[in-house]
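Student: What follows is a structure written as structure tokens; I'll ask about it next.
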Amino acid sequence: MTSHVTAHDVGGNEDIGTDHVPWYKQPLPLCTQVMRFILLLLLTVMFLGVAILVANARMPDPEKVRPLPDLLLESIPKVALLENGTNVIIFLLNATTVVVGFKVFLLERHMNGLPRVTFLVGVPKIGSFLNRMAFGVLDSGRRPFPLKNVFPIMAIRFLTSYAVVMVFRAFVIMGTSYPATDNHCQNPQVIEHPVLNVILTLVTLGSGAIHCGDLMFSGHTMILSLAFILAWDYSPFLHPWAVRVWVSVLLPISYYCILASRSHYTDDILVAMYVMIATYKVIDHAETGAPWQMQLLIRWMPWPGANTIEKWTADEVVVVVQTPAEDSTDASAALPEH
């Protein structure tokens, strides 16, 4: 089955071209993508849980193999308690990303003329204040991306980027076994209940499971870098620079906490940061969601969601919007008259 798609270039007077789109390239509904990519991410976390079992079992004996020489670890004093600081910053960065996504969602509703979201507005004294804080609309006037469906597209980029790098990390930690850093893994625990450890990996995204030996590359850095780049990319909808400054302060502090607590080697952080951000950038912001190749991974699923877009007709017009500058003031210009 193919569909006939005509694309118009904004700013031009002629069609870009006409093409027949095979069924496997037709985009799934965005809501379907979000729900199914959540399931796919959970499957990748389970796969990582199995990989952690292998990495933990294959880790060199700390009594025989000392930690690798590391320039930064030799320069930074060890502070074991800073491992908790890493977790705090992970929470702060993730919370920032969620707030940015929610505020952009409210902005899209506002621009579409939909009624404002309210909750407990009738509570005396604090009701109106809480509603302004939680549901107030922020608009910097800048449009780094088209505003249409920006929240589900943002979620899809998070889920797909994280899942791809999660699978890659699983293979990497099984491939080469690094000696433990100077932390609690110098006295490693034996995983007596492998299935339970995999379940704990799934429920806590790895933090609550026994996981020594999974050094190259850092799982903490993955989520820190992904939350950072999402907030960096989408926050200009709300304010030109405030959120960017906030996350730019948090990220290097989190890396310092990882190194000072001896949770990872320097290279573990550098590789994870590069791989995560590069993968995210490859999975671009697109009106159709994830790349069609990634949608093939979830197209076979019978549930949740539908496999077809109700308004996807044979003669649907797809508008291609050009956004040459990240902070352009209008990323969704109107079509010129013919």
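Here the Cβ of each residue, glycine as well, is placed from N, Cα and C on the backbone.
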Student: N112 and D139: same side of the membrane according to Swiss-Prot?
Tutor: no
Student: Please identify the range among 117-137, 264-284 that Swiss-Prot labels transmembrane segment.
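Tutor: It is 117-137 that Swiss-Prot annotates as transmembrane segment.
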Student: Here are some active-site residues: H220, H264. Which one has the most Cβ atoms within 10 Å of its Cβ?
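Tutor: Max Cβ neighbours within 10 Å, all protein chains included: H264.
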Student: If we skip the immediate neighbours and take only residues 6+ beyond the ends of the transmembrane segment (223-243), which ones have a Cβ under 8 Å from one of its Cβ atoms?
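Tutor: 89-90, 93-94, 96-97, 100-101, 103-104, 107, 138-140, 142-145, 147, 150, 154, 157-158, 161-162, 205, 250-251, 254-255, 272-273, 276-277, 280-281, 285, 326-327.
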Student: Average the per-residue pLDDT over the topological domain 'Cytoplasmic' (109-116) and send me the rounded value.
Tutor: 86
Student: Please report the DSSP secondary structure of D268 (active site), reduced to three states.
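Tutor: It is helical.
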Student: Give me the stretch from 88-108, 117-137, 153-173 with the greatest number of Cβ pairs under 8 Å to the transmembrane segment (37-57).
Tutor: 153-173
